[in-house]
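*Asks:* I am attaching a structure below and will ask some questions about it afterwards.
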Amino acid sequence: MRTSRLKKPIVLLTIALLSSVFFFAFFFLNKSDVSSTSALRNRDSMARTFILWLHGLGDSGPANEPIKTLFRSQEFRNTKWLFPSAPPNPVSCNYGAVMPSWFDIPELPLTAGSPKDESSLLKAVKNVHAIIDKEIAGGINPENVYICGFSQGGALTLASVLLYPKTIGGGAVFSGWIPFNSSITNQFTEDAKKTPILWSHGIDDKTVLFEAGQAALPFLQQAGVTCEFKAYPGLGHSISNEELQYLESWLKQRMQSSSSSS
């Protein structure tokens, strides 16, 4: 039964990774990053906003760093970005091959009914929470903390936001899925439910099927979580410039709101 779903996992992963690499390479080459290392360090020391970006399966943090060069509005002037890399782990959907992975994925493509591996997921969530706790301890207001992620990183973003005991600025999920069973919703605190979620998904996604993302909206609404769901026709398992432009405006709106209330 699983065999039919695992016919072409390596091909699917290759397509996902190539789409990510081509996207970031294109924008990195077309947008110069004028910030020096010393300037970035000064920015981090004065940061009042923290954005954590979680990459997809088989990818790395450094490969995604060029994304921050697209966010040039003054609202991001005092923003600290962090792009961690997942540790190497055997991945079931790739026949146990070891690759950068936040948690195990039993099968590809992912559908609304795909099995979950909550054990490895919760370990990854603890690591994300440790990163967030460190930033808050360093002086960042929880409402100025944002988690964003693509694919597997998007699924981890969702779990990390909803299982965090405090309200944070927001969580942005790109081409993700619900990585846990409905029974885990009793662990969502009332404060966690107040964190807004932005969910973006390509209708033509063949790796994390659109139905997997679409199923999130009623699930989150029933749990009492506010979620804005945006569908992108013609988009496969990748992030588009249109999605990132909307993410920028979505973040700016919340940053401005947080600034006016503080």
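Please read every residue number as a count from 1 along the shown chain.
Using N, Cα and C of the backbone, Cβ positions are placed for all residues, glycine too.
Quick paste from Swiss-Prot:
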ACT_SITE  Ser151  active site, charge relay system
ACT_SITE  Asp205  active site, charge relay system
ACT_SITE  His237  active site, charge relay system
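Would you situate these features in the structure and describe their surroundings?
*Replies:* Annotation for Asp205 (active site, charge relay system): spatial neighbours Ser175, Gly213, Leu235, Gly236, His237, criterion Cβ-Cβ under 8 Å with sequence separation of six or more. According to its DSSP assignment, Asp205 (active site, charge relay system) is coil.
Classification of His237 (active site, charge relay system) by DSSP places it in coil, neither helical nor stranded.
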